[in-house]
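Per TrEMBL, the feature active site, proton acceptor maps to D169. Annotated S-adenosyl-L-methionine binding site per TrEMBL: H19, H42, S105, E123, D148, G149, D169, in sequence order. According to TrEMBL, the site 'Interaction with substrate rRNA' annotation covers Y4.
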Amino acid sequence: MLSYRHGFHAGNHADVLKHLIYQYVLSYMSQKDKGFSIVDTHAGAGGYKLSDDFAAKNKEYETGINKLWNAPTDKMPESVKNYVDAVKRFNTESECSELEVYPGSPWFALDAIPLEGKTFFHELHPADFELLRQFVRTNRYRKAIKGDGFSESVGLLPPPSKRGVVIIDPPYEMKDDYYRVVEYIETMYKRFAGGVYMIWYPVVDRYRINQMEHDLIKSGVKNIQLFELNVSEDTEEHGMTGSGMIVINPPWTLKAEMETVLPYLVSTLTNNQGDFRIEQLVSE
């Protein structure tokens with residue numbers, strides 16, 4: 001199915017959670033001099049104009065990044081401030097003085113990785129892939145790959161540096177994406193058990209999330225943490241009510257950071273109407 005376009009959702013509360021954690025992990029990985037590789041299984045277009053027909057339709061960014069853009073910084077957690085500063089820098093680079101564009105996952109990867117680090121961005125939708133190709137500007141270190149990230153990326157691990165980050169965020173339009181995520185993790189973990197794997201998921205169908213968590217717990221994969229932000233109560237009638245990130249082999253500091261960040265996001269994005277989850281699904 002090729003109907004999903006992330007532009008409709010750019011900068012919403014789910015992007016805030018995903019990219020804030022993604023940037024934190026990449027920053028942590030960058031602290032060592034040794035390089036690392038990044039694999040993005042569902043990269044999207046690379047960047048998004050918030051005034052275009054997609055983003056302007058529902059203006060989901062207004063209850064996401066826009067609330068952080070205008071928030072006072074004196075009580076803002078450090079990782080949130082770093083994330084907001086990154087989005088502001090992307091706007092400055094795009095010659096925008098206000099919040100007019102929003103960076104996708106590829107921009108955060110290219111912003112963080114050392115020059116010699118390798119990045120692989122996968123996208124199946126033909127229109128978004130063309131935008132991604134122009135955004136990435138492929139060279140020997142960075143590649144935009146047209147195809148299914150689940151199957152196309154398997155041969156990329158383990159990286160030569162033995163250090164790598166994989167971000168996995170399919171649209172979940174196809175219900176078997178929940179099962180494919182687990183199968184993909186099992187395959188990649190056998191090839192590269194030391195990698196950092198990040199799985200984004202929408203809170204739309206709690207049963208399928210619970211099943212995915214159960215399957216991951218039973219998979220034999222170690223050191224799995226879960227971080228979930230919900231902007232309203234679960235319901236199957238009104239679309240996505242929240243989202244989560246499951247991180248395998250997370251930075252040892254991530255859980256403590258999220259114990260500060262998630263309450264702040266609940267307060268700032270939902271006026272304390274939402275809630276959050278932090279769980280260690282599997283120990284080290």
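Backbone N, Cα and C define each Cβ position, glycine as well.
Keep in mind that this is a model prediction, so the values were computed, not measured.
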Could you find out if DSSP has G149 (S-adenosyl-L-methionine binding site) as helix, strand or coil? helix
Including all protein chains shown, what's the count of other C-beta atoms within 10 A of the C-beta of the residue listed as 'active site, proton acceptor'? 26
Integer Cα-Cα distance in angstrom, S105 (S-adenosyl-L-methionine binding site) to the residue listed as 'active site, proton acceptor': 10
How many Å separate the Cα atoms of H42 (S-adenosyl-L-methionine binding site) and the residue listed as 'active site, proton acceptor'? 6
For H42 (S-adenosyl-L-methionine binding site), the number of neighbouring Cβ atoms whose distance to its own Cβ is within 10 Å equals 23
State the Cα to Cα distance, in Å, between H19 (S-adenosyl-L-methionine binding site) and D169 (active site, proton acceptor), rounded to an integer. 11
Non-local Cβ contacts of E123 (S-adenosyl-L-methionine binding site) (under 8 Å, 6 or more apart, same chain)? H42, A43, G44, A45, F129, L132, A144, I145, K146, G149
Across every protein chain in view, the count of C-beta atoms other than its own within 10 A of the C-beta of D148 (S-adenosyl-L-methionine binding site) is 15
How big is the Cα-to-Cα gap, in Å, between D169 (active site, proton acceptor) and D148 (S-adenosyl-L-methionine binding site)? 12
